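Sharing a structure here in structure tokens format.
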Amino acid sequence: MKEMKVIIAGPRGRMGHEAVLLMERTEHFNLVAAVDYKHGGEKISDLPGMPALDATIYADLHTCLEEVEADVLLDLTTPEVGKQHVTLAVERGLRSVIGTTGFTEEELKQLTETAKEKAVGTIIAPNFAIGAVLMMKFSQMAAKYFQDVEVIELHHDQKLDAPSGTAVKTVELIRQNRESKQQGHPNEVEQLEGARGANVDGIHIHSVRLPGLIAHQEVMFGGDGQMLTVRHDSFNRASFMSGVKLSIETVMNLDHLVYGLENIID
């Protein structure tokens, strides 16, 4: 396979560290630079626990793109920084794979239009774990037969956004096979505000944030005399790397924005 030159934004995070290791062990990936505001001017190999790669770290993406030729930007930063990075990448015609979440419908619409206008491949993935993508697709299938459903997503206590992008995407897919419906008793009253979670067309989303968790979600469907639960668990960040690898390889052949890994897997 042809060599792909990659920039990683956010190499110090747990996901970023796994992505750097992915670069090292994948023959056709070449890490040409990284972006980290705290370590500008250093090398990847200077960071604790990193492999002996000589990619330069830049303090900001703009400077990096001025000095480095790359094929793909892999962004694993925070929601706000990720939004800035993907906007800059699309405007500069650089393909990007974005692993941060928290995009609004309006932001996705604007990015989709710009990516189409620039004919630049872009993938935004709420979750890179193949199992999580299958969990979402199975939930979409089940919604055709079970109209009553609630989503419980559980993540580590350092996650910034709630609900998770995976939960939002799951509900989006479920709604394609389910009419808007108010679940529970029509006169239901919350004794404590927020007790029933977020409500999207009658689908309740509950967010749990605790140390010890990584990324987990279960989708509970209820019917007369039966329950169906679809669950996925990521026990470490290595679970996301197969999806990261697939996304980088796939975005090279795209000329538009794709939201969600389920749209690029067979």
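Every residue gets a Cβ built from N, Cα and C, even glycine.
Pulled these from Swiss-Prot:
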type	residues	note
ACT_SITE	HIS155	active site, proton donor/acceptor
ACT_SITE	LYS159	active site, proton donor
BINDING	GLY10, PRO11, ARG12, GLY13, ARG14, MET15, GLY99, THR100, THR101, ALA125, PRO126, ASN127, PHE128	NAD(+) binding site
BINDING	LYS38	NADP(+) binding site
BINDING	HIS156, GLY165, THR166	(S)-2,3,4,5-tetrahydrodipicolinate binding site
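Can you walk me through where each of these features ends up in the structure?
According to DSSP, HIS155 (active site, proton donor/acceptor) sits within a strand segment.
Of all the Cβ atoms in the protein chains shown, 16 others lie within 10 Å of the Cβ of LYS159 (active site, proton donor).
Within the same chain, residues at least six positions away from ARG14 (NAD(+) binding site) with a Cβ under 8 Å of its Cβ are ARG237. In three-state terms derived from DSSP, ARG14 (NAD(+) binding site) belongs to a helical segment.
In sequence order, ARG12 are the residues near LYS38 (NADP(+) binding site), counting only same-chain partners six or more apart with C-beta under 8 A.
Spatially close to HIS156 ((S)-2,3,4,5-tetrahydrodipicolinate binding site) yet at least six residues away along the chain are ARG209, LEU210, PRO211, GLY212, LEU213, ILE214, ALA215, judged by Cβ distances under 8 angstroms.
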Please report the distance from the Cα of LYS159 (active site, proton donor) to the Cα of PHE128 (NAD(+) binding site), rounded to the nearest angstrom.
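Pair distance, Cα basis, whole Å: 16 Å.
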Which whole-number value in Å describes the distance between the Cα atoms of GLY165 ((S)-2,3,4,5-tetrahydrodipicolinate binding site) and PRO126 (NAD(+) binding site)?
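Just about 5 Å between their Cα atoms.
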Give the residue from the recorded positions ARG12, HIS155 that has the most other Cβ atoms within 10 Å of its Cβ, counting over every protein chain displayed.
HIS155
Helix, strand or coil at PRO126 (NAD(+) binding site), per DSSP?
coil
Could you tally the C-beta atoms, other than its own, that fall within 10 angstroms of the C-beta of PRO126 (NAD(+) binding site)?
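PRO126 (NAD(+) binding site): 25 neighbouring Cβ atoms within 10 Å.
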